[in-house]
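Asker: Just dropping this structure here.
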(Lines of atoms letter the chains of each structure in order from A and count residues from 1; the text may use other names and numbers.)
(Lines give C-alpha, C1' and ligand atoms only; values in the text may rest on other atoms or scores of the structure.)
Protein backbone atom coordinates (compact mmCIF):
# COMPACT_ATOMS: atom_id res chain seq x y z
CA UNK A 1 0.00 0.00 0.00
CA UNK A 2 1.50 3.31 -1.12
CA UNK A 3 1.78 5.94 1.58
CA UNK A 4 1.65 8.73 -1.01
CA UNK A 5 -1.40 7.74 -3.04
CA UNK A 6 -4.13 5.52 -1.65
CA UNK A 7 -7.11 4.35 -3.66
CA UNK A 8 -10.46 3.19 -2.37
CA UNK A 9 -13.20 1.68 -4.53
CA UNK A 10 -16.77 1.77 -3.28
CA UNK A 11 -19.06 -0.91 -4.73
CA UNK A 12 -22.70 -0.02 -4.11
CA UNK A 13 -23.73 3.62 -3.92
CA UNK A 14 -27.00 3.28 -2.03
CA UNK A 15 -27.90 4.80 1.32
CA UNK A 16 -24.96 3.22 3.17
CA UNK A 17 -22.49 3.55 0.31
CA UNK A 18 -23.15 7.23 -0.31
CA UNK A 19 -22.98 8.00 3.42
CA UNK A 20 -19.64 6.16 3.57
CA UNK A 21 -18.29 8.09 0.59
CA UNK A 22 -19.25 11.35 2.28
CA UNK A 23 -17.58 10.27 5.54
CA UNK A 24 -14.44 9.34 3.61
CA UNK A 25 -14.30 12.78 2.01
CA UNK A 26 -15.00 14.52 5.32
CA UNK A 27 -12.09 12.67 6.96
CA UNK A 28 -9.72 13.38 4.08
CA UNK A 29 -8.96 9.67 3.67
CA UNK A 30 -7.42 8.34 0.42
CA UNK A 31 -6.38 10.40 -2.57
CA UNK A 32 -8.64 8.53 -4.99
CA UNK A 33 -12.23 7.32 -4.61
CA UNK A 34 -13.89 5.36 -7.40
CA UNK A 35 -17.64 4.72 -7.12
CA UNK A 36 -19.09 1.62 -8.77
CA UNK A 37 -22.86 1.35 -8.91
CA UNK A 38 -25.59 -0.38 -10.92
CA UNK A 39 -26.95 3.06 -11.81
CA UNK A 40 -24.02 4.86 -13.39
CA UNK A 41 -25.92 8.15 -13.34
CA UNK A 42 -26.35 8.00 -9.58
CA UNK A 43 -22.64 7.27 -9.11
CA UNK A 44 -21.75 10.13 -11.45
CA UNK A 45 -24.06 12.45 -9.53
CA UNK A 46 -22.56 11.52 -6.19
CA UNK A 47 -19.03 11.85 -7.57
CA UNK A 48 -19.76 15.36 -8.85
CA UNK A 49 -21.40 16.32 -5.56
CA UNK A 50 -18.56 14.91 -3.45
CA UNK A 51 -16.00 16.57 -5.69
CA UNK A 52 -17.35 19.94 -4.56
CA UNK A 53 -16.90 18.95 -0.92
CA UNK A 54 -13.20 18.17 -1.42
CA UNK A 55 -12.48 21.89 -1.71
CA UNK A 56 -13.21 22.19 2.00
CA UNK A 57 -11.56 18.94 3.16
CA UNK A 58 -8.62 17.53 1.19
CA UNK A 59 -7.77 17.14 -2.50
CA UNK A 60 -9.17 13.90 -3.87
CA UNK A 61 -10.09 12.35 -7.21
CA UNK A 62 -13.71 11.22 -7.00
CA UNK A 63 -15.28 9.58 -10.03
CA UNK A 64 -17.75 7.00 -11.32
CA UNK A 65 -16.14 3.76 -12.46
CA UNK A 66 -16.76 0.10 -13.18
CA UNK A 67 -15.23 -2.98 -11.55
CA UNK A 68 -11.98 -2.56 -13.53
CA UNK A 69 -11.09 0.24 -11.11
CA UNK A 70 -10.46 -2.43 -8.47
CA UNK A 71 -7.30 -3.65 -10.21
CA UNK A 72 -4.95 -1.27 -8.38
CA UNK A 73 -7.11 -0.40 -5.36
CA UNK A 74 -5.75 -0.60 -1.84
CA UNK A 75 -9.22 -1.15 -0.42
CA UNK A 76 -12.56 -2.18 -1.91
CA UNK A 77 -15.61 -1.47 0.24
CA UNK A 78 -18.73 -3.45 -0.66
CA UNK A 79 -22.10 -1.96 0.26
CA UNK A 80 -24.07 -3.37 -2.69
CA UNK A 81 -27.02 -5.68 -2.23
CA UNK A 82 -30.68 -5.87 -1.35
CA UNK A 83 -31.47 -3.70 1.66
CA UNK A 84 -33.27 -4.85 4.78
CA UNK A 85 -36.93 -3.81 4.77
CA UNK A 86 -39.33 -3.23 7.67
CA UNK A 87 -40.27 -6.61 9.14
CA UNK A 88 -37.24 -8.41 7.67
CA UNK A 89 -34.31 -9.82 9.62
CA UNK A 90 -30.80 -9.58 8.20
CA UNK A 91 -30.82 -13.33 7.62
CA UNK A 92 -33.89 -13.02 5.38
CA UNK A 93 -31.53 -11.50 2.81
CA UNK A 94 -29.23 -14.53 2.53
CA UNK A 95 -30.29 -15.97 -0.82
CA UNK A 96 -30.50 -12.84 -2.93
CA UNK A 97 -27.39 -11.21 -1.48
CA UNK A 98 -25.25 -14.35 -1.75
CA UNK A 99 -25.99 -14.38 -5.47
CA UNK A 100 -25.08 -10.70 -5.74
CA UNK A 101 -21.85 -11.20 -3.75
CA UNK A 102 -20.86 -14.12 -5.96
CA UNK A 103 -21.01 -11.95 -9.07
CA UNK A 104 -19.36 -8.92 -7.47
CA UNK A 105 -16.50 -10.92 -5.95
CA UNK A 106 -15.73 -12.74 -9.18
CA UNK A 107 -15.73 -9.45 -11.10
CA UNK A 108 -13.38 -7.84 -8.58
CA UNK A 109 -10.93 -10.74 -8.53
CA UNK A 110 -10.89 -10.98 -12.33
CA UNK A 111 -9.13 -7.60 -12.38
CA UNK A 112 -6.13 -8.96 -10.47
CA UNK A 113 -7.14 -7.14 -7.29
CA UNK A 114 -4.78 -7.88 -4.39
CA UNK A 115 -5.83 -5.47 -1.68
CA UNK A 116 -8.24 -5.57 1.25
CA UNK A 117 -11.99 -6.20 1.05
CA UNK A 118 -14.32 -4.57 3.58
CA UNK A 119 -18.00 -5.56 3.61
CA UNK A 120 -21.15 -4.05 5.09
CA UNK A 121 -23.88 -5.85 3.14
CA UNK A 122 -26.23 -7.96 5.27
CA UNK A 123 -26.26 -10.64 6.50
CA UNK A 124 -22.69 -9.46 6.79
CA UNK A 125 -21.18 -12.42 8.68
CA UNK A 126 -22.47 -14.99 6.19
CA UNK A 127 -21.62 -12.87 3.16
CA UNK A 128 -18.09 -12.12 4.35
CA UNK A 129 -17.48 -15.83 4.87
CA UNK A 130 -18.65 -16.51 1.30
CA UNK A 131 -16.66 -13.64 -0.20
CA UNK A 132 -13.46 -14.82 1.46
CA UNK A 133 -13.95 -18.33 0.08
CA UNK A 134 -14.79 -17.08 -3.43
CA UNK A 135 -11.99 -14.50 -3.56
CA UNK A 136 -9.25 -16.78 -2.33
CA UNK A 137 -7.71 -13.80 -0.53
CA UNK A 138 -6.10 -14.41 2.86
CA UNK A 139 -8.77 -14.22 5.55
CA UNK A 140 -6.82 -11.39 7.18
CA UNK A 141 -7.63 -9.23 4.15
CA UNK A 142 -11.38 -9.88 4.07
CA UNK A 143 -13.09 -7.97 6.87
CA UNK A 144 -16.61 -6.86 7.70
CA UNK A 145 -18.12 -4.10 9.77
CA UNK A 146 -19.25 -6.97 12.00
CA UNK A 147 -20.39 -5.83 15.43
CA UNK A 148 -18.71 -2.42 15.29
CA UNK A 149 -22.06 -0.66 15.01
CA UNK A 150 -23.66 -2.86 17.67
CA UNK A 151 -20.77 -2.10 20.03
CA UNK A 152 -21.24 1.62 19.42
CA UNK A 153 -24.93 1.24 20.21
CA UNK A 154 -24.08 -0.61 23.41
CA UNK A 155 -21.67 2.10 24.52
CA UNK A 156 -24.30 4.76 23.87
CA UNK A 157 -26.95 2.86 25.84
CA UNK A 158 -24.62 2.24 28.78
CA UNK A 159 -23.46 5.85 28.75
CA UNK A 160 -27.05 7.04 29.06
CA UNK A 161 -27.69 4.60 31.89
CA UNK A 162 -24.55 5.52 33.83
CA UNK A 163 -24.37 9.23 33.05
CA UNK A 164 -20.92 9.10 31.47
CA UNK A 165 -19.44 9.67 28.03
CA UNK A 166 -19.57 6.70 25.63
CA UNK A 167 -15.92 7.48 24.90
CA UNK A 168 -15.05 6.32 28.42
CA UNK A 169 -16.81 2.98 28.05
CA UNK A 170 -15.04 -0.10 26.71
CA UNK A 171 -17.67 -2.70 25.84
CA UNK A 172 -18.14 -5.09 22.95
CA UNK A 173 -21.09 -6.72 21.29
CA UNK A 174 -19.90 -10.02 19.84
CA UNK A 175 -20.78 -12.89 17.47
CA UNK A 176 -23.40 -12.26 14.77
CA UNK A 177 -24.29 -8.78 13.61
CA UNK A 178 -27.90 -9.72 14.19
CA UNK A 179 -30.35 -11.50 16.42
CA UNK A 180 -27.89 -13.94 18.06
CA UNK A 181 -25.41 -11.25 19.11
CA UNK A 182 -24.64 -10.64 22.78
CA UNK A 183 -23.04 -8.02 25.00
CA UNK A 184 -19.77 -9.14 26.58
CA UNK A 185 -20.50 -7.46 29.90
CA UNK A 186 -18.00 -9.52 31.89
CA UNK A 187 -15.05 -7.78 30.18
CA UNK A 188 -16.61 -4.30 29.89
CA UNK A 189 -15.10 -1.37 31.76
CA UNK A 190 -15.99 2.24 32.51
CA UNK A 191 -12.95 4.44 32.97
CA UNK A 192 -10.95 1.28 33.60
CA UNK A 193 -13.31 0.00 36.31
CA UNK A 194 -15.27 -3.23 35.65
CA UNK A 195 -18.79 -2.44 34.46
CA UNK A 196 -20.37 -5.19 36.54
CA UNK A 197 -18.78 -3.79 39.70
CA UNK A 198 -20.16 -0.33 38.93
CA UNK A 199 -23.61 -1.78 38.25
CA UNK A 200 -23.55 -3.62 41.58
CA UNK A 201 -22.57 -0.44 43.40
CA UNK A 202 -25.30 1.57 41.68
CA UNK A 203 -28.01 -1.06 42.07
CA UNK A 204 -28.33 -1.78 38.36
CA UNK A 205 -29.70 -5.31 38.03
CA UNK A 206 -28.76 -8.06 35.63
CA UNK A 207 -32.26 -7.81 34.15
CA UNK A 208 -31.62 -4.16 33.35
CA UNK A 209 -28.38 -5.07 31.58
CA UNK A 210 -30.14 -7.78 29.59
CA UNK A 211 -32.80 -5.22 28.62
CA UNK A 212 -30.06 -2.92 27.34
CA UNK A 213 -28.56 -5.83 25.39
CA UNK A 214 -31.96 -6.57 23.83
CA UNK A 215 -32.55 -2.91 22.98
CA UNK A 216 -29.16 -2.78 21.24
CA UNK A 217 -30.00 -5.95 19.35
CA UNK A 218 -33.22 -4.42 18.04
CA UNK A 219 -32.15 -0.81 17.52
CA UNK A 220 -31.72 -1.30 13.77
CA UNK A 221 -35.34 -2.44 13.51
CA UNK A 222 -36.46 0.69 15.36
CA UNK A 223 -34.56 2.88 12.91
CA UNK A 224 -35.77 0.98 9.84
CA UNK A 225 -39.38 1.10 11.01
CA UNK A 226 -39.12 4.88 11.27
CA UNK A 227 -37.01 5.95 8.28
CA UNK A 228 -36.78 2.83 6.13
CA UNK A 229 -33.05 2.18 6.40
CA UNK A 230 -29.92 2.66 8.51
CA UNK A 231 -26.93 4.47 7.03
CA UNK A 232 -25.03 7.04 9.10
CA UNK A 233 -23.96 4.75 11.92
CA UNK A 234 -22.67 1.88 9.80
CA UNK A 235 -21.09 4.26 7.28
CA UNK A 236 -19.12 5.91 10.07
CA UNK A 237 -18.04 2.48 11.34
CA UNK A 238 -16.77 1.68 7.85
CA UNK A 239 -14.92 4.99 7.78
CA UNK A 240 -13.28 4.20 11.13
CA UNK A 241 -12.11 0.79 9.89
CA UNK A 242 -10.90 2.40 6.67
CA UNK A 243 -8.85 4.93 8.63
CA UNK A 244 -7.23 2.16 10.67
CA UNK A 245 -6.25 0.39 7.44
CA UNK A 246 -5.05 3.35 5.40
CA UNK A 247 -3.15 4.92 8.29
CA UNK A 248 -1.74 1.61 9.53
CA UNK A 249 -3.00 2.36 13.03
CA UNK A 250 -2.86 -1.04 14.75
CA UNK A 251 -6.22 -0.03 16.19
CA UNK A 252 -8.24 -2.53 18.21
CA UNK A 253 -11.76 -2.43 16.80
CA UNK A 254 -14.77 -4.75 16.98
CA UNK A 255 -15.09 -6.10 13.42
CA UNK A 256 -16.21 -9.18 11.55
CA UNK A 257 -13.07 -11.31 11.60
CA UNK A 258 -12.19 -14.82 10.50
CA UNK A 259 -12.17 -17.13 13.50
CA UNK A 260 -10.17 -20.33 13.29
CA UNK A 261 -9.49 -21.68 16.75
CA UNK A 262 -10.27 -18.65 18.87
CA UNK A 263 -13.21 -19.15 21.26
CA UNK A 264 -13.06 -22.85 20.37
CA UNK A 265 -14.61 -22.08 16.97
CA UNK A 266 -13.24 -23.08 13.58
CA UNK A 267 -13.68 -21.62 10.08
CA UNK A 268 -16.22 -18.87 10.66
CA UNK A 269 -16.68 -15.10 10.58
CA UNK A 270 -17.85 -13.48 13.81
CA UNK A 271 -17.82 -10.13 15.55
CA UNK A 272 -14.80 -9.79 17.84
CA UNK A 273 -12.18 -7.17 18.67
CA UNK A 274 -9.18 -7.37 16.36
CA UNK A 275 -6.04 -5.39 15.54
CA UNK A 276 -6.52 -3.50 12.27
CA UNK A 277 -3.66 -2.07 10.22
CA UNK A 278 -2.40 -1.80 6.64
CA UNK A 279 -2.32 -5.59 6.31
CA UNK A 280 -5.97 -5.92 7.33
CA UNK A 281 -6.52 -7.95 10.47
CA UNK A 282 -3.14 -8.59 12.04
CA UNK A 283 -4.51 -10.32 15.13
CA UNK A 284 -7.82 -11.41 16.62
CA UNK A 285 -8.16 -10.36 20.25
CA UNK A 286 -9.76 -13.30 22.05
CA UNK A 287 -11.85 -11.67 24.77
CA UNK A 288 -12.33 -13.70 27.98
CA UNK A 289 -15.99 -14.75 28.16
CA UNK A 290 -18.07 -16.00 31.07
CA UNK A 291 -20.27 -19.09 30.75
CA UNK A 292 -23.31 -17.25 29.40
CA UNK A 293 -21.24 -15.38 26.84
CA UNK A 294 -19.27 -18.43 25.76
CA UNK A 295 -22.48 -20.38 25.16
CA UNK A 296 -23.93 -17.47 23.18
CA UNK A 297 -20.77 -17.26 21.05
CA UNK A 298 -20.90 -20.97 20.25
CA UNK A 299 -24.62 -20.95 19.43
CA UNK A 300 -24.25 -17.92 17.19
CA UNK A 301 -21.32 -19.50 15.36
CA UNK A 302 -23.18 -22.75 14.81
CA UNK A 303 -26.25 -20.96 13.46
CA UNK A 304 -24.23 -18.77 11.10
CA UNK A 305 -22.15 -21.67 9.80
CA UNK A 306 -25.30 -23.63 8.93
CA UNK A 307 -26.85 -20.64 7.17
CA UNK A 308 -23.64 -20.00 5.24
CA UNK A 309 -23.28 -23.65 4.23
CA UNK A 310 -26.92 -24.02 3.19
CA UNK A 311 -26.96 -20.69 1.38
CA UNK A 312 -23.73 -21.26 -0.52
CA UNK A 313 -24.92 -24.71 -1.55
CA UNK A 314 -28.17 -23.30 -2.94
CA UNK A 315 -26.42 -20.70 -5.12
CA UNK A 316 -23.86 -23.13 -6.52
CA UNK A 317 -20.93 -22.32 -4.26
CA UNK A 318 -20.62 -25.70 -2.57
CA UNK A 319 -17.15 -26.27 -4.05
CA UNK A 320 -15.83 -23.25 -2.17
CA UNK A 321 -16.84 -24.74 1.17
CA UNK A 322 -14.02 -27.28 1.07
CA UNK A 323 -11.31 -24.65 0.52
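Including glycine, each Cβ sits where the backbone N, Cα and C put it.
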Asker: 16, 37, 81, 82, 120, 121, 122 bind NAD(+) in Swiss-Prot, but which of 140, 145, 148 does that record place at the same site?
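Answerer: For NAD(+), Swiss-Prot names 16, 37, 81, 82, 120, 121, 122; of 140, 145, 148, the listed one is 145.
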Asker: Output, ordered by sequence, the same-chain residues six or more apart from residue 37 (NAD(+) binding site) with a CB under 8 Å from its CB, or 'none'.
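Answerer: In sequence order, 11, 12, 13, 14, 17, 43, 64, 80 meet the Cβ cut-off.
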Asker: Given that the record lists 16, 37, 81, 82, 120, 121, 122, 145 as binding NAD(+), what is the largest C-alpha to C-alpha distance among them, in Å?
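Answerer: This binding site's residues have a maximal Cα-Cα distance of 20 Å.
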Asker: Taking Cα atoms as reference points, rank the binding-site residues 16, 120, 122 by distance from residue 84 (substrate binding site) and give the first.
Answerer: 122
Asker: May I ask which of the recorded positions 150, 152, 177, 221 is closest to residue 122 (NAD(+) binding site) if we compare their C-alpha atoms?
Answerer: 177
